[in-house]
Amino acid sequence: MAPFPDEVDVFTGPHWRMKQLVGLYSEKLSNTNFSNNRDFRSFLQSLLDTFTEFKKHEQIENECIMELLQERSHTVYHVHADNKLSDMLTLFQKGLRSVTSEFEQLNYAQQLKERLEAFTQDFIPHMKEEEEVYQPMLMEYFSYEELKAIKQQVMLQHCSSQCQSSCSDTHTLLKGLSLWSHAELQKAFKYSDHEKTGDERVLERVSVSSLPQELLLRIFRFLGPQDLCRCAQVCSVWTQVTRTGSLWRHLYPVRWARGEYYSGPPGDLDLEPDDDWIKSLQDDGRAYQEWDEDADVDESEEASAERSSISALQREKLLLNGIIQKLLPAVGSSVRSLSLAYSSTLSSKMVRQMLSLCPNLTHLDLTQTDVSDSAFDSWCALGACGTLQHLDLSGCDKITDRTLKILSVGLGDSSTPSPAHKLLQAPPSPIRIEEPRLQPMGRSCQDLIFKRRPGGRGSGCGPTHIWVLDPVKLADIEDAADWSRRGGVASQEIGCGGISEALSASCCCRRSQRRGFRTGLSSSPWQYGDALCGHSSCCSSDAAAIRTQSDLQATGGSAELRTKCWFEGQSCAEHHNRTDQSGAQRALRFLSLSGCHQITDLGLRCVCLRGGLPLLEHLNLSGCPLITGAGLQEVVSASPALNIEHFYYCDNINGPHADTASGCQNLQCGFRVCCRSGE
């Protein structure tokens, strides 16, 4: 058939080069001494380079020619599916890696000859088919100018691949070019060079690895965590750039394990998920805990779904461990947000390791996880979490007052330093909590008595009674008042040492002997006889008490509450050598303890120490039935910026801002503690 014009013949030039390479390795095959290890390995290396160029040639034809032809004609498909290039490359690599002895070389040579002859018999007709079948189809489906553009692109790609593969070795480059005759070179590059613009000729080819690290960092900022991990595998320079802290400020490993690769800053509060979704997560977590790796495989659909859930949780745990071991040691100081909400594989040890590696966290979300107090041991140092602004522990039902004590230390001390602080030495006396067995009183209740160390300052004040009601048998405030009177008598009958005498003494905050049980703000709670105030100056540790002073205004009759932290001539161990921490304002703005049913007034008082919470705007204490109105009042007094609309606590507590606060968020909630869950 008549030859096609050179301007639009897209196959002849590259095929000329491929045929030259076939002739070259055929000649070497007959001349190589396979019993000589040096000649054997040299021939295999040349074959590896040759077939790598073959594979690149086929890729260029697929991308620049065949894909375009498939778009125009649907009869063309899988043109290069069976060229066996990958199998040949694997054969050469195996020979270079595994064959060592002369006997193995001779056996391998026989196999190699058979495979090369079979490949050559297929490859030469394959190129002929492209020239005689597909070139006419290109002439039919493409215009003359389109074919010129296609050929230009094909030749540019071939030249680029040859330069990249051999530019590191000048001898190899010259040797490769010597295979081309002058006429062949002229034919191959005729329509690839003269149509370039002047700017394209001047432009030098630069490898991506030569880009400045500043530019790479700017590009990487547009990538997600999955793409960054892939870029880290390219080369050592890219690995170093991908470990830049600014690329990992916000971590969401649980979401990443589920295929959601969001890495931006945390937005507004998300809506609570529905009960069904939470239940499915809990079921998956239980299935993962009960999973037996050595058990027999169940092929049922239900078992298949369970295996899928277990596989997802395995990915989550693997990702969490990888972040702890590989990522955080390099970028932990730059991490600002860490969201681990709804993780079924998270442990307290993992959280403790993460917090120790991320000292500058501002946002921590542990919603509905199985962590305990030990997860926060790395915050025991004064100011260890001084930058923390958002802490969400919703649904963490293992959290107790110990976590709040640690949090109080970690947030730092913003109280005004005084000369007395420098003279304090002895540690404070601890608070002891006794739970005496009370006689039945018609309804189930429990009296928690906070006692002082015998001989401590302020020991003349009576103990504080905090009533813990049975959620199943709730009553109104009038019944509680009756329990208060009867509870005092019962305590005397128990005979605990010092209790009867303590009850006979008057509380330092009492101003009247009238009996009653009211905790509202319209009248001060210490105006009534047996209802003790519950303030820290009367019932908490003598080391760090919160004095609440009341100045009744002549016109309104309301109380102005002022709270300050003071030390009675003794010091906590944490207050030594902390002059650099004093005066720094605590940054906490959001605190959610929803469902943390073990939290008591003691924990709240501890958080209010060392300067209070001056910036706190959101406080959620839903599902915390052990808290009383007195404890809530102290938190409110220590949080001047608190937004009442974002203040949540149990509806059974007669606490501050009862008419304007948002109440309990856990009503009718199926996955968090609520005192009315029996309704």
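Numbers here mean position along the shown chain, with the first residue as 1.
Glycine residues also receive a Cβ, built from the backbone N, Cα and C atoms like all the rest.
Cβ neighbour count for GLU61 (Fe(3+) 2 binding site): 23 (other Cβ atoms within 10 Å of its Cβ, all protein chains included). What Swiss-Prot lists as Fe(3+) 2 binding site is GLU58, GLU61, HIS80, HIS126, GLU130.
Annotation comment: Swiss-Prot describes 205-251 as domain 'F-box'. Across the domain 'F-box' (205-251), DSSP assigns 29 helix, 2 strand, 16 coil.
Sequence-distant neighbours of the repeat 'LRR 1' (316-342) (same chain, 6+ residues past either end, Cβ-Cβ under 8 Å): 243-258, 265-266, 273, 278, 281, 350-351, 353-354, 357-369, 392. As annotated by Swiss-Prot, repeat 'LRR 1' applies to 316-342.
Within its own chain, the repeat 'LRR 2' (343-367) has Cβ neighbours under 8 Å at 254, 266, 281-282, 284-285, 288, 313, 316-317, 320-321, 323-324, 328-329, 332-337, 374-379, 384-385, 387-396, 587, 592, counting only residues six or more beyond its boundaries. The repeat 'LRR 2' annotation in Swiss-Prot covers 343-367.
Below 8 angstroms of C-beta separation, residues 266, 278, 281, 340-343, 346-349, 351-352, 355-356, 359-362, 402-403, 406-407, 409-413, 574, 578, 581, 584, 586-596, 615, 620, 671-672 of the same chain, each at least six residues beyond the ends of the repeat 'LRR 3' (368-395), sit close to that stretch. Sequence annotations record features per position, and here Swiss-Prot assigns repeat 'LRR 3' to 368-395.
The repeat 'LRR 4' annotation in Swiss-Prot covers 396-426.
Summarising the annotation, Swiss-Prot assigns repeat 'LRR 5' to 565-595. Regional average pLDDT for the repeat 'LRR 5' (565-595) in the model is 58.
Taken from Swiss-Prot, the feature repeat 'LRR 6' covers 596-623.
Residues annotated as repeat 'LRR 7' in Swiss-Prot: 624-649.
In this structure, CYS650 ([2Fe-2S] cluster binding site) belongs to neither helix nor strand by DSSP; it is coil. For CYS650, CYS664, CYS674, CYS675, the entry in Swiss-Prot reads [2Fe-2S] cluster binding site.
Counting in whole angstrom, GLU130 (Fe(3+) 2 binding site) lies 79 from CYS650 ([2Fe-2S] cluster binding site) by their C-alpha atoms. Between the alpha carbons (Cα) of CYS664 ([2Fe-2S] cluster binding site) and HIS126 (Fe(3+) 2 binding site) lies a span of roughly 76 Å. Residue counts of the repeat 'LRR 3' (368-395) by helix, strand and coil are 7 helix, 3 strand, 18 coil (DSSP-based). Taking H, G and I as helix, E and B as strand and the rest as coil, DSSP gives the repeat 'LRR 1' (316-342) the counts 19 helix, 3 strand, 5 coil. Applying DSSP to the repeat 'LRR 2' (343-367) sorts its residues as follows: 10 helix, 3 strand, 12 coil. If you take the Cα of CYS650 ([2Fe-2S] cluster binding site) and the Cα of GLU58 (Fe(3+) 2 binding site), they are about 71 angstrom apart, rounded to a whole number. Look at the Cβ of each of the binding-site residues GLU58, GLU130 and count the other Cβ atoms within 10 Å; the largest number goes with GLU130.
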